[in-house]
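Undergrad: Pulled from TrEMBL, these are the listed features:
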type	residues	note
DOMAIN	6-224	domain 'Ion transport'
SIGNAL	1-16	signal peptide
TRANSMEM	26-44	transmembrane segment
TRANSMEM	65-84	transmembrane segment
TRANSMEM	126-145	transmembrane segment
TRANSMEM	165-182	transmembrane segment
TRANSMEM	194-219	transmembrane segment
């Protein structure tokens, strides 16, 4: 039963590849039949679990409530989407976002729940590092606006260069990943090669220092919370 549950969870999550807009489109009837089949299996698995569990314990377990709500939302969304298609009305399958609930909340997914809980417990503790990073990003963006905003520089596409603060924030945020390096600095570099020092300083502070610090904090706190939960499970 565990293998069957995992198979249908995988099948349910994989439907996103075949539903509109799809990577490999299949007819709506085919995907809807597969989804209903998966939901029936989930409902049967939940019913079986209710038969072997005390009534009071079953209804107090939030995991079971989450699964039932996810099944109900998925069926409702599927029905509404099917009716709208009959009338050629475009709509969105908003229930796709609840599909990972099945992966997390079934009894067989204990290890996944531990990992998910560790991530959830880690998030508050990395907030301070994230705020420091955002402060650095905003300050560098303000400096870039003052340095380049009044130079009337243009990008290779002929667009204004570093004249809008929000666009500067986004461009420098992408530069943290070095995805737009060195293109983002070339208009300033062509104006004066000394401006390269600004981007070098930005990459050193934010990419090499803050990202390394961010990774270390995430890893250490995640490992700490996971160790605590595993120790509690062993006890």
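Using N, Cα and C of the backbone, Cβ positions are placed for all residues, glycine too.
A TrEMBL annotation is a machine prediction, not a hand-curated record.
Looking at the shown structure, can you explain where the listed features end up?
TA: Summarised as a single figure, the pLDDT of the domain 'Ion transport' (6-224) averages 88.
Beyond its flanks by at least six residues, the signal peptide (1-16) meets 22, 31, 34-35, 37-39, 41-42, 45, 48, 96, 99-100, 102-103, 106, 108 of its own chain at Cβ-Cβ distances under 8 Å.
Panel annotation: around the transmembrane segment (26-44), residues 4-5, 8-9, 11-12, 15, 18-20, 67, 71, 74-75, 78, 82, 85, 102, 106 of the same chain, lying at least six beyond its termini, place a Cβ under 8 Å from a Cβ of the stretch.
Packing against the transmembrane segment (126-145) from elsewhere in the chain are residues 162-163, 165, 168-169, 172-173, 176, 198, 202, 205-206, 210, 213-214, 217-218, 221: each is 6 or more residues past its ends and has a CB under 8 Å from a CB in it.
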